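Chemist: First, the structure itself, so that you have it in front of you.
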């Protein structure tokens, strides 16, 4: 780092973020103002707004932070494990470990994030960086596994896996079992079932249905649509890593 | 009706229920007390409690009412249409028609019902009558269609279809398009995709996966578990309408 001020500004940013999370937890998200966050963090209101343009941006900062910690924590699994089910279970349960300190916050915060049109929704344009990173992680789960994924599903599976992870997060928000152990078991079972589904995709007749399920979500969930469009562009790019023959074959199987 | 008092008491019950729905909508569910509902309906508090033991019971009354209106409205479709996709689309879009007047209430009420442990959740023991009726309707959707459903999936498909209907309801809660037209299109597309999935179930190899998906939900969602257990009992009953040979065949396909 050549910029001497970077660590200091990073510290201030972290201080504001941590203060905000604490206040959200203590007072509720709706009742916490930027003014109160600035005061509690010992910075000026202008300074707080310099780092985070709104309370919503603070939550995005929180998402990014959880995402970065998650990625660092799963790195050993992604770099060494080759069993698909273990890779996926590792990614899901590690997320639960990372998010555990924020469980209480998540449940009171949920009603703000559940609305797909809220900037705090995992489907919002604002959440795109966090979402893309998480989808990319699922792509790596598949890419590094010894179980092979059909080329015609390679672009849709990571998004469907991310979507089912969002289902897991929803379950976790309301899970009151000690240490979220029910959600942990659901993650293990979900990883097992996903793996069995992917193994079954060796039957070509199934693949168009998987693509259609993805298309349905992409057409009706804003964030998914965006990613799907950029994927479609990639798919029609002749340099892209895509097997059009497999796709045509899948379409033929549908018609039979 | 031999009891002369029944119509009057039914009127009072309806009056209390309608008053409660109006107040929930105007003041919010959390802020509306039973006392305020009784006062507004012009009945004594004791009388209101006689009909509904709590605010939660009022919401159950609302669910039952929507369910009964839905069943009456889909009767013509269930009695005459034989195309599976049209039967399912009819059931889903008719529900949207019936629920339309309560759309605003549903979105402010959502945070209470989203918690699976809340008595207002569609998965709660309190919601069992409404849930059973809705699952039964999906059973009838399948039973009256010319597309044949494999015997080994006959017990799990209606519950999975009901579960995806709950997903549709969740989507509808947050849908701000005029006349919920986005949810309507999702219902049509969902019916199409479900039908295609059921048609694909002619491939035996797929069926165990469908059963496992159902088992996962049954093990982790309280209301589903309950129904699954009673179904399992029915299945092990030698007099029950169940094809054990098909089940064994499915299991063999899994192992292959």
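For all residues, glycine too, the Cβ spot is worked out from N, Cα and C.
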Chemist: Name the residue range among A:201-228, A:229-256 that TrEMBL annotates as region 'Disordered'.
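Modeler: Feature region 'Disordered' in TrEMBL: residues A:229-256.
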Chemist: According to TrEMBL, DNA-binding region applies to one of these ranges: A:33-52, A:53-72. Which one is it?
Modeler: A:33-52
Chemist: For the DNA-binding region (A:33-52), give me same-chain residues lying six or more residues beyond its boundaries with a C-beta closer than 8 angstroms to one of its C-beta atoms, as numbers and ranges.
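Modeler: Answer is 9, 12-13, 15-17, 19-20, 22-23, 27, 58, 61.
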Chemist: On the 0 to 100 pLDDT scale, where does the domain 'HTH tetR-type' (A:10-70) sit on average?
Modeler: 92
Chemist: For the domain 'HTH tetR-type' (A:10-70), how many residues does DSSP put in helix, in strand and in coil?
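Modeler: Final tally across the stretch: 49 helix, 0 strand, 12 coil.
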